[in-house]
């Protein structure tokens, strides 16, 4: 699989690496003459979308005469469709794909189950600052599907390509393919009525697709859509990765339901704000660490040291767990040499220390 820097930007000559035939921009504002259009641009215009530039793309901020607040409330009560095709979609393949991406982000991908997704972040290797937040899906088909922010598209591409070149130079097997928006679209279907709307369209049981899991499905008559139960609104919902030439047809199928409306950037922002979800560039950036941002949950949890205790006659270990699992007495599962064993949280130290203190008789 060849790496692909496909995009619809007008890169200047100095932004191109002719030796590799790749183009990218190192400028956050991209300084392009015209914003890109997603495959749904004409559809948005037909739906009276108010188009505005955002992260280098023309996207709808709202539709027709409906206010952002009304669209927001409709999503909270019913179901809305958002065009998020501007976001960078990447597929990572190769024998060393898991360790490769783990070297760039904070997620524990080795222990992530197949067809599960995880929110994680790219971090600066020196400062620990957040370079971007992303959702990684570990598919059962031998590749990782990654969705990251449009505003960080070129920085993320450059980060992954540089790391890929380093890994390949040492004999590792990894291939990154960036899916350009003219080839792959992404629709977010969000709201409490999502399941009701999709049940008649998909060939999978959505009851068996819990939050942050993913599957390939036929949606309507569109095959091989990647349906991931996640979103950026705080509501139930899915994101559907679909061929760009099928995106308008799929959006039309969804809008056949009387309780579905298109929604734009305005509602998406107020919905994510209510849900307490961070926006890179506003709430988090390279100067913010995951811990400072309250995102410590995106850091993979693991045993740091462990072994048999001769004094206690049991196995003991120290490590990091989610806060909600840290209460003394909580029962956990720990993977030891590919075998899962039970563990119980206890208070440190395992044995009371007997440090000498004058005047105190330590028993």
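Cβ atoms are placed via backbone N, Cα and C, with glycine included.
The compositional bias 'Polar residues' annotation in TrEMBL covers 1-11.
Taken from TrEMBL, the feature region 'Disordered' covers 1-20.
Per-residue pLDDT, averaged along the domain 'GCVT N-terminal' (40-300), amounts to 97 for this model. The domain 'GCVT N-terminal' annotation in TrEMBL covers 40-300.
Annotation comment: TrEMBL describes 239 as substrate binding site. Under the DSSP three-state reduction, residue 239 (substrate binding site) is assigned to strand. If you take the C-beta of residue 239 (substrate binding site) and look for same-chain residues 6 or more apart in sequence within under 8 angstroms, you find 84, 147, 186, 187, 188, 189, 227, 228, 230, 231.
Here TrEMBL flags 302-350 as domain 'Aminomethyltransferase C-terminal'.
Secondary structure of the domain 'Aminomethyltransferase C-terminal' (302-350), assigned with DSSP and counted as helix (H, G, I), strand (E, B) and coil, comes to 3 helix, 25 strand, 21 coil.
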